[in-house]
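Trainee: Following this message is one structure expressed as C-alpha cells.
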Amino acid sequence: MQELLTLQPIVRVNGTIHLPGSKSISNRALLLAAQALGKTCLINLLDSYDVRYMLDALHKLGINYCLSIDRRSCEIDGIGRPLRVDTALELYLGNSGIALRSLVAALCLQNKNIIITGDKRMKNRPIGHLVDALRQGSAQIHYLEKDNYPPLLLQGGFYNGDITIDCSLSSQFLTSLLMMAPLASQDRCIFVKGRLVSKPYIDMTLAMMKSFGIVVQHDQYKIFYIKGKSQYRSPGHYLVEGDATNASYFLAAAAIRGGTVRVTGVGSNSIQGDIRFADILANMGAIIRWGVNYIECTRNSLCSIDIDMNALPDTAMTIAIVALFTYNGVTTLRNIYNWRIKETNRLVAMATELRKVGAIVVEGKEYLSIKPPNMFKIAKINTYDDHRIAMCFALVALSNVSITIVNPKCTYKTFPDFFKLLKGISIT
C-alpha cells in the first residue's frame with residue numbers, strides 16, 4: 001500500500017533553514033578523498049540514500065572511513081592512487097546517477113571484473129555517451145542487458161590518449177572523465193562534442209578537483225587539458241556546502257507566501273550553479289538578499305518569465321511551481337530536454353501533475369509552458385519515485401487547497417528531513 005502525506009494549506013512561511021550538505025558535492029568529495037593522498041575529514045556530509053550508495057561502494061572497494069554518529073562527518077583514509085580491487089565484485093548504486101557514472105570511469109583504471117548496476121529506473125537512464133568515450137581510451141566495457149544502459153561489466157584497460165565526449169544529455173559524463181583522467185597513465189585532451197548541458201556542474205567539479213590539488217585548464221569548455229600520472233592530495237578538512245538545489249524550495253516558498261526565509265550553508269561564494277535560482281526569483285519579483293553564508297528571500301508580487309534553464313535543470317522544476325503563483329501571463333522553461341532522462345521523465349511527469357492542480361500546460365520536446373490556474377484544485381500527486389517532484393509539489397500547499405503527496409519518502413534520496421523542515425517554517 002502506498003504511503004500518502006496530505007499537506008494542509010500553508011498561510012505563511014517565515015524562519016531560517018540550516019541546509020544539509022549538497023548531494024552533488026558529497027558524492028564527488030567522497031570519491032576524490034578516497035583516491036587522494038592522506039586523510040580527509042568531510043564536514044556537513046549529506047546523509048541520504050544516494051550518499052549511502054557511494055559509501056557502500058567505497059567500502060566494497062577497500063576504502064577505510066569512519067562516520068560520525070549522525071553520519072554528517074566522515075574521516076576517509078585516502079589511498080593516493082586509483083581505486084583497485086583484488087577480486088571480482090558487483091556494486092549496486094540504486095538510482096544515483098553521479099555515483100554510478102563517476103565510478104564507471106574511475107574503475108576503468110583497474111583490471112578486475114566489476115559489475116555496476118542500479119535500480120529499475122537507473123537501468124533506463126542512458127550511459128552510452130560515457131561508455132563510448134571510455135572505449136576510445138581502450139576501456140573494456142560490456143552492456144549486460146541492453147546497449148547504452150546499465151548494468152555494465154567493467155574489465156579495465158583505459159590507457160590511450162585523447163577522447164571526445166558527447167555531453168548533450170548529461171554533464172555527469174564529463175565530470176566522471178575529468179575526475180578520473182589525472183590518475184591515468186598519459187596526458188590527454190578531452191574534447192566536448194555538441195552542447196554542454198548543466199555547465200555549472202562542471203565548474204563545481206573543477207573547483208573541487210582544485211581543492212584536492214589538481215588544476216585543469218580548458219578552452220571555453222570545448223577542450224580540457226589533463227596532466228596524467230597526477231595525484232590528488234587531501235586538503236585535510238573539506239566543508240560540504242549546503243545544497244543549493246534544495247535551498248530552492250524554501251526560497252520559492254518565501255517568494256510565494258513569505259514572510260522572509262533565510263537559508264544558511266550556501267551563499268554568494270558558493271561553487272554551486274544552482275544559487276543562480278535566487279537571481280531568477282529576483283527577476284520574477286521576489287526580494288533577495290545575499291550573504292557569504294546565506295541567501296534570504298522575502299515575498300513580493302511575482303511575474304511570469306520566459307527563460308532558458310539548460311544550465312539549471314533541477315531548479316527549473318521549482319520555477320515551474322512558482323509559475324503557478326504568478327499574476328500575469330505564461331511562464332516558459334526552455335531547453336530542458338534532459339529532464340527526460342532524469343530520475344523519471346520529468347517533462348511528462350511535471351506536465352501531468354501541474355494539470356492536476358489546475359494549470360494549463362503545454363509540453364514541447366524541449367520546453368514547458370505553464371499558465372497559472374484560475375482556481376487551484378485539490379489533487380493527489382504521483383511522485384514517480386522522484387524526490388524532486390515530491391518536494392516541488394509540496395509547495396502547492398502554499399495555495400488555498402491541500403495537496404497529497406504519494407510516496408513522500410522518495411525524498412530520502414537526497415533530503416530526508418525536507419517535510420520536517422518545511423513544517424518548521426510554516427503557519428497553517
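Sequential numbering from 1, following the chain as shown.
Glycine is treated like the rest: Cβ placed from N, Cα and C.
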Trainee: Looking at Swiss-Prot, K23, G97, R125, Q172, R388, K413 are annotated for phosphoenolpyruvate. Which of R334, R346, R355 sits in that same site?
Mentor: R346
Trainee: For a quick check of understanding: among the binding-site residues R346, R388, which residue's Cβ has the most other Cβ atoms within 10 Å?
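Mentor: Sorting the candidates by Cβ neighbours within 10 Å, the top entry is R388.
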Trainee: Secondary structure at R125 (phosphoenolpyruvate binding site) (DSSP, helix/strand/coil)?
Mentor: coil
Trainee: Counting Cβ atoms within 10 Å across all protein chains shown, which of the binding-site residues S171, Q172, S198, N338 comes out on top?
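Mentor: Most Cβ neighbours within 10 Å: S171.
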Trainee: In angstrom units, rounded to an integer, how far apart are the Cα atoms of K413 (phosphoenolpyruvate binding site) and S171 (3-phosphoshikimate binding site)?
Mentor: 20
Trainee: So which recorded positions are near R388 (phosphoenolpyruvate binding site), with CA atoms within 10 Å, out of S171, D314, N338?
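Mentor: Of everything listed, what lies within 10 Å of R388 (phosphoenolpyruvate binding site) (Cα to Cα) is D314.
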